[in-house]
Every structure is written in structure tokens, then in C-alpha cells.
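According to TrEMBL, the protein carries these features:
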DOMAIN    A:4-257  domain 'Endonuclease/exonuclease/phosphatase'
BINDING   A:Asn7, A:Glu34, A:Asp153, A:Asn155, A:Asp256, A:His257  Mg(2+) binding site
ACT_SITE  A:Tyr109  active site
ACT_SITE  A:Asp153  active site, proton donor/acceptor
SITE      A:Asn155  site 'Transition state stabilizer'
SITE      A:Asp227  site 'Important for catalytic activity'
ACT_SITE  A:His257  active site, proton acceptor
SITE      A:His257  site 'Interaction with DNA substrate'
Amino acid sequence: MRIATWNINSVRLRWPLLKALDAALAPDVLCLQETKCPDEFFPRAEIEALGFPHIAAKGMKGYNGVAILSRVPMQVIEDAPDWCARGDCRHLVALLDAPGGPIELHDFYVPAGGDIPDREANPKFAHKLDFVAEATAWTATRAPTRRRVLVGDLNIAPLEHDVWSHKQLLDVVSHTPIEVDAMARWMEQGQWHDAVRHFVPASEKLYSWWSYRARDWAAADRGRRLDHIWVSDDLRGKLQRQHILREARGWEKASDHVPVMVELAK
DNA sequence: ATGGTCGGAAGCCGA
């Protein structure tokens, strides 16, 4: 069972790249973020034709938007909160009909948080912290549930080597101690385990995002690991491998994020 | 030290 996540940065613009993603990773389930697409315009038929017959999409005009594309049947669960009471499309939950038993899958798109890492000076940063706090409290109530997977663009790079320069990013939104602490609480209270770092030592650099603003993203290699896959304790022993598809950043009309995938044994 | 580039509700705003 291969579960992947990708911030696609406009599904209408980039859905054709799913073909290359599928050739490289062959995910059974792919969670998308930043689809930027109202549900009535979601390229459903095109994506079904690529081999994902089960599609759940929750989008809005212009911003945000999440979707789950699946080869296995799934049931969308509707009892999640309206995060920060904004009506944003930043979260989908589905129960996957997975081999070995159902998996509760969460697809999150955490607010980026703006530029200034100060709750008082920057309402976007306050929104990010509030969102993570609500997600922490809610997923903690799910903690006793077996076989859970949480993926998404969480917009936080928690470890020193999840960014190109720990020292230079300590005051940059995505890597500040307040965000890193909030993420640690989220993982702890939800009993989540980092499924990608499970395979890659903390001392090794690991990124899933490179800014569009670099002249040469690969040469500069100033990345951050903003996209994550977490699993519940009972799935830790099932982890087979991880793959961060770095080459996707070099694709024609690339997203600034690359797909991240984890394989679970039955 | 600053500004650099994307995408869409565009000629600005969010990332």
C-alpha cells in the first residue's frame, strides 16, 4: 500500500503531471493540497482516466483546496471541525478500504503563516498557530483509533536538517521554535510517528519544497521539508520505504513542492 | 541587505 502527498499548486494547471508522478511512485492513494479549484471544476474525468476511480475533492475559488485520489475504495468522513471557523478547504478525512484493514487517512493543508513570526503583528501567523492547536486537540481525540495516517503540506520544517540552514531560518516562518514546538505537541498528543524520518537519519538533509524565487533551485538547494507523512504506532512496523520525488521539482511547469510517498506492508 | 517567482478571485493577494 503506497500513500503519497503532493502540494500540486493548482490541479487544473498541473493534473497532467500526475502521469509522471504515477510512473515514478505508483501510489495507491494520493493526497493533494492547494488544488485552488471549486469542486464543480475539478478535473475528475481526466484523473479517473489516469487510474484513480475514487476521488474526494474539497475546494474553493482561488485558494486552498484538498483532494484524495485513490485506487482503493474509500468513504469520506464528515465529522471534522470547521478549522478556525473560516470555511476553508484545508482538511479531508477518509476511511480507506486497505488490504489488512481500514486506514483512517487525514489530508491536511496547514496555513503558511505569512512573513512575520509574531502572533500579535501578523494575523496569518496567529491563524497558523490556532489551526495547529485545533488540529492537535482534535487528532488527540482520534489517538485511540487504530491504523491512522496523516499527510499533507504542514508548512513546518521541524528538524535542524529539514532546512538548508537551521541558523538562518530560526526566525523564518516554517522553522521558528514556536512552530516546531507546536508540531511536536501535535505529534505527541496524536501519537503520530514521522514515517519519512523513520528511514532517513535526522543528521541527513531532507527537503520537499524549493522556492520559485531561486535562480537555480537545484544548484542553490535551499530547500525545506514542509510535506509530511505520519502514521499511528500500530503502522510503524508496516513501513517498507519512503520516497521523496526530488526530480519532480525539475519537471516542466513544476510545483514548488514535490511528492512524498511511503509504502506500507499489508 | 534586498529581492527574487509563481497561481488565481489578477492588475492585487497569498504563497
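The count begins at 1 with the first shown residue.
Glycine too: its Cβ is placed from the backbone N, Cα and C atoms.
Summarising the environment of A:Asp227 (site 'Important for catalytic activity'), the number of other Cβ atoms within 10 Å of its Cβ, over all protein chains shown, is 26. Distance between Cα atoms for A:Tyr109 (active site) and A:Asp227 (site 'Important for catalytic activity'): 9 Å, as a whole number. Compute the center of the Cβ atoms of A:Asn7, A:Glu34, A:Asp153, A:Asn155, A:Asp256, A:His257, which mark the site for Mg(2+); besides them, the chain residues with Cβ within 8 Å of that center are A:Asn9, A:Gln33, A:Tyr109, A:Trp209, A:Leu226, A:Asp227, A:Ser255. In this structure the C-alpha atoms belonging to A:Glu34 (Mg(2+) binding site) and A:Asp227 (site 'Important for catalytic activity') are separated by 12 Å. Of all the Cβ atoms in the protein chains shown, 28 others lie within 10 Å of the Cβ of A:Tyr109 (active site). Residues near A:Asp256 (Mg(2+) binding site) in space but far in sequence (CB under 8 A, at least 6 apart, same chain), listed by position: A:Asn7, A:Asn9, A:Trp209, A:Trp210, A:Ser211, A:Tyr212, A:Arg249. Between the CA atoms of A:Asn155 (Mg(2+) binding site) and A:Asp227 (site 'Important for catalytic activity') there is a gap of 7 Å, rounded to the nearest whole number.
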